[in-house]
Amino acid sequence: MAALGLLLQAAAACGSAGPLRLGRCYRGARGLCTRLAEPDGLEGARQEDEEEQPPPPGAEEQSTAMVKDSRDLLKEFPQPKNLLNSVIGRALGISHARDKLVYIHTNGPRKKKVTLHIKWPKNVEVEGYGTKKIDAERQAAAAACQLFKGWGLLGPRNELFDAAKYRLLADQLGCPDERWCSEGKWRSKSGPSLADLSTCWRRMEPDDPIQPMEQGRMPKAMRREELEEGELEEGELEEGELEEEAIDVSDYLPMAHQDARTPGRDASRGGSSIEMTDDNTAIRALTQFPLPKNLLAQVIQIATSSSTVKEYMQFRTVGTKTKICKLTLRWPCPMTFAAKGRRKVEAENKAAALACQKLKSLGLVDKNNNPLSHAMYNMTSLRELGENQRKPCHIKVPEATLRKIENYLNHYPVDIRESRPRIADDMMNLSKESGAISDAITGKTYIPMLEAEEVRLSQNLLALWKRRGSSWQESHPLPVDPHKDTILSAIEQNPVVVIAGDTGCGKTTRIPQLLLEHYILEGRGARCNVVITQPRRISAISVAQRVAQELGPNMRKNVGYQVRLESKPPARGGALLFCTVGILLRKLQGNPSLEGVSHVVVDEVHERDVNTDFLLILLKGIQKLNPDLRLVLMSATGDNQRFSHYFGGCPVVKVPGFMYPVKEYYLEEILAKLGRHRHRHYEIKQSDDECVLDLDLITDLVLQIDAHGEPGGILCFLPGWQEIKGVQQRLLEMLGSQNSRYLVLPVHSNIPMMDQQNIFQRPPPGVRKIVLATNIAETSITINDIVHVVDSGTHKEERYDLKTKVSCLETVWVSKSNVVQRRGRAGRCQSGFAYHLFPRSRLDKMPTYQVPEILRTPLENLVVQAKIHMPEKTAVEFLSKALDSPDIKAVDEAVILLQEIGVLDQREALTTLGKRLAQISTDPRLAKAIVLASIYRCLHPLLVIVSCLTRDPFSSSLQNRAEVDKAKAVLSRESGSDHLAFVRAVAGWEEVLRRRDSRARDNYLQDYYLYGPSLRFINGLVKQFSENLYEAFLVSSPSDCTMPSSVCNQYSEEEELVKGVLMAGLYPNLIQVRQGKVTRQGKFKPNSYAYRTKAGTVLLHKSTINREASKLYSRWLTYFMAVKSNGGVFVRDSSQVHPLAVLLMTDTDIHVRDDGWRATVSLTDSDLLVLEGDSYTIRLLRDFRVSLSKMVETCLCYEMAAIPGDLHHQHSQLLDILVDLLKGPPGSFGA
């Protein structure tokens, strides 16, 4: 620390001199280097001489002491880039610190080097090294955090201070004068904010010609800045890193002062030559501007975006006793000022004060004598750009295409209404009208069992049961077994029973068996048909397999499961069917009263997921239709009395569990075990709700448990897939050649069930099993050999922002009940250990239970489901019956959106479109895109896109995001579409599968960073959606959907049409791209893009290829997924779409303004699209749009296979013309 003190003293000594230039570099032991620099203005020869000198004695030892091992630094500062951003952001009142932290990358043969330029509170450089760019950046940032801590800018536990304290600390450090350029938030009074400019001015040649600045020309420094910014954007942004807050030029202009004078008005009239002025005038000017040289330098730096002022202002001083200074300015036009003084500095200050006086008269300094913002200095360019952006996009349609449109409209006038059969309602309700209902167990048509058949089947079941020998229950007793009679009696006597069973009591596997056994032994086994819901696919399958095993080979066929894309149902009559909640909801559409079902068991009801809460509403109503149905709610933890009260005070049967003792450790003890300091980021964030994981700490803890802990499996709870893969990769790297001694197994819904069976198997002797799982392993699955539980204390939770209408999947702290569940996983089979990676004080702040999902998610899909099951009720009426009713405003917003996209009418009834898409099991907007694709005959690519938006095909992780983005860009080619990249990725996968070459298959996955299990799942989704389309009468056969030769795929190769159909389904998810933006600090960026939606400004996430697009061919993007993070809304997937697709294919109203020669057309619900053209073209496009709309309406009223031949031919002509239109140029960008 003594060496660190020397370093800080040196920094403080240099700080008052202004910006620091690179000086000597002493390398630390672990590849980190901190450089203190020398004041700007020293001669180059002096620098060269110093660099030739050997390091002072002990310098290497001081450096080694000063710079810790990089690993220790990263443990002390686990998220260093975020921490630096937060300190500077809070100190300066800015949303990002990009201008104050510049990362310069140098690629070495084996290692990456990063030089971090820190421009606040002092100009200092630090270096970092790593095998990857992000590692080098993090090392450099950690070294910078160490400096900040030494300067007192961080608390003992790395906590932040308030802005006022940072200003005080900055004054003490003598830091540069920082302010919000346009708002004048605060000024440092501790000294000059720029270097002593006299040295560099003295070195300038006085006779250099001074040229005026060209109006509208951006200086060279702007290009340099953009390069640095580009380097920043190329690097990996850490999770949570702040994004720049900015507004587009058109929004900024009305906020700027209309009378603001700019260089383009007064200053550009020509230069002025000012002779020696009266000394009193100069003194008055100096009184008005006490630090004139600083102010001049600041104004010029801000206005010109230059890092140096040498080329814009020169001082030339002559004389002996009386010094005469001539100041020549090149900006805003050539001007010369002269003043005298007894000393050189006095003369220079007077001349500079006169220059400041002149700038203020030109309106280039504000009333408080502070610089204006960069945008205000560039108002001329800004206004020109704003005017350019406001111009409509000019559309010119080829004459040949116009003739085709004209001929079509002459042959099929838009004012002639087609006669459409009124068959839509009949068609969509065929099964109900015929009286046919589906069997909830088998999925086939339900036929009640005859009494004789029932008796015979019951006798067979009894015989099978008696032949099974000793039961599994007898040899493997569980805590629930002694309560068998109490449970069965309660279920027999009450329509609803709540079973509150502690973790490990056996309720999930045993109670369904108890019900089946009870009915069989009473001779009515054929009447026992139990549907058991599980919240997740993996638990439905694994529990079914476990129960089948326990029942033995004679009864195994009576147990089955059904999840999305996987089904193995049992025969009806003495059946146990395990399924997900979504599957049961689907079954209720075909069997609303659950005829033929004896019991519904809802397991894990305490998790309060949105589907379970919705199911409870329906089950409450079904009891009136089917009084014989028995409902069993099973809960591990939670407020069980609430469930009882919801169902009219039904009984609650409590079943105590058995758990071996579990020794618990919290963060304080864990850090002590690892020999670490307590000031971890968990404690930094302790006062906030935010939680950020330290994957290195988790990895180290797992290795510590392996080295010193008891034998047995380790279960690590992590919030999501990225964290699972991050810890898995770290473990495999650390274990190295010893990998064979470990079984590292991820558990996640992204992984197919067949790839996760190993988690239930005991590993061979000498092999340690390490399971990395989300909260899926809390209650849904049981891994019997777990001894150690590592609890991160976090999980992913979806939250919906009503204001921005955007969902956010956030990492949040779990509840106390979650902590209890996780701890219980360690004591199932023997004494265990639980390691909680949060302080005990955090446990006290955790909520008792989770917030129900229905209160924090978008409700559109739920409203559609409500209309299917109870169409006579309004959405608010239906959802008010929930255990926890969602906000009425949230329900109303969902209804409004569904009305906007044409799913509901004004009476809240399902439209013809709504009835079709209700058959498709996905988000309503994606379902709409699928329905439209069947009409526009480009179905297969849309099925692939929707499937990939449901399950990402790329093998993305925190470490390989950049490579995945590059692979996606390659697949996208020139389409400007993430969605078409999905289509090409899946098409390539199908091609290599057809070759039956395993090496080619593996190479393809590796080359494009694709994940095989996800691609298999996507293939299954495509098949499921094909079945849905068949059920909705939109295709003749499910196989038509994937056949290139089928009618529904006639235009599947037309990329602009595919993107247009996707946009039509997702609308109003439309982005207008505008060139030029102004940051919150007033920085004008003419070459940057701003992105506007109907709801407001958004940002493009790094995962979309259009974020890095150097040139967009269209000003319009469509998207599906937007997430809220760090106060901004980020779009993760996007496609550039043709403006004519937006005009012609959306189902919103349009407005046409026609003067008889030129016409403009715009959307009435937003200002995102304004097109112009000649009147004739616009009128033809308007009528053509009506024809397309009528085609969609007509097709929705027909069974697609039964559309008459003349209509089919007419629609083919229409689609041919549309394809031609979309092949035309999209119009000039910004013109």
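Just so you know, glycine gets a Cβ as well, placed from its N, Cα and C.
Marked as region 'Disordered' by Swiss-Prot: 39-65. Per Swiss-Prot, the feature domain 'DRBM 1' maps to 80-148. The domain 'DRBM 2' feature in Swiss-Prot is assigned to 292-359. Here Swiss-Prot flags 488-656 as domain 'Helicase ATP-binding'. Per Swiss-Prot, ATP binding site is recorded for Gly501, Asp502, Thr503, Gly504, Cys505, Gly506, Lys507, Thr508. Annotated motif 'DEAH box' per Swiss-Prot: 603-606, in sequence order. Look at Swiss-Prot and you will find 697-870 tagged as domain 'Helicase C-terminal'.
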Nonlocal residues around Lys507 (ATP binding site), in sequence order (Cβ under 8 Å, 6 or more apart):
Val480, Ile499, Gly501, Asp603, Met634, Val655
List, by number or range, the same-chain residues at least 6 past the motif 'DEAH box' (603-606) whose CB is under 8 A from its CB atoms?
507-508, 532-535, 539, 612, 616, 633-638, 640, 643, 779-780, 817, 849
Out of Thr503, Thr508, which of the binding-site residues has the smallest number of neighbouring Cβ atoms within 10 Å?
Thr503
Hey, for the ATP site built from Gly501, Asp502, Thr503, Gly504, Cys505, Gly506, Lys507, Thr508, who else sits with CB inside 8 A of the CB center?
Leu478, Pro479, Val480, Ala636, Val655, Gly657
Secondary structure at Thr508 (ATP binding site), reduced by DSSP to three states:
helix
Far apart in sequence but close in space: which same-chain residues, 6 or more away, have a Cβ under 8 Å from Cys505 (ATP binding site)?
Leu478, Pro479, Val480, Val655, Pro656, Gly657, Phe658
List the helix, strand and coil residue totals of the domain 'DRBM 1' (80-148) as derived from DSSP.
29 helix, 21 strand, 19 coil
Using DSSP, how many residues of the domain 'DRBM 2' (292-359) fall into helix, strand and coil, respectively?
29 helix, 20 strand, 19 coil
Tell me the residue counts in helix, strand and coil for the motif 'DEAH box' (603-606), as DSSP assigns them.
2 helix, 0 strand, 2 coil
DSSP secondary structure for Gly501 (ATP binding site), reduced to helix/strand/coil, please.
strand
If you count the C-beta atoms lying within 10 Å of each candidate's C-beta, which of the binding-site residues Gly501, Gly506 ends up with the smallest number?
Gly506
May I ask which residues of the same chain, at least 6 positions away in sequence, place their Cβ under 8 angstroms from the Cβ of Asp502 (ATP binding site)?
Pro479, Ala636, Val655, Pro656, Gly657, Met659, Gly824
Validating a neighbour-count step here. Other CB atoms within 10 A of the CB of Gly504 (ATP binding site): how many?
21
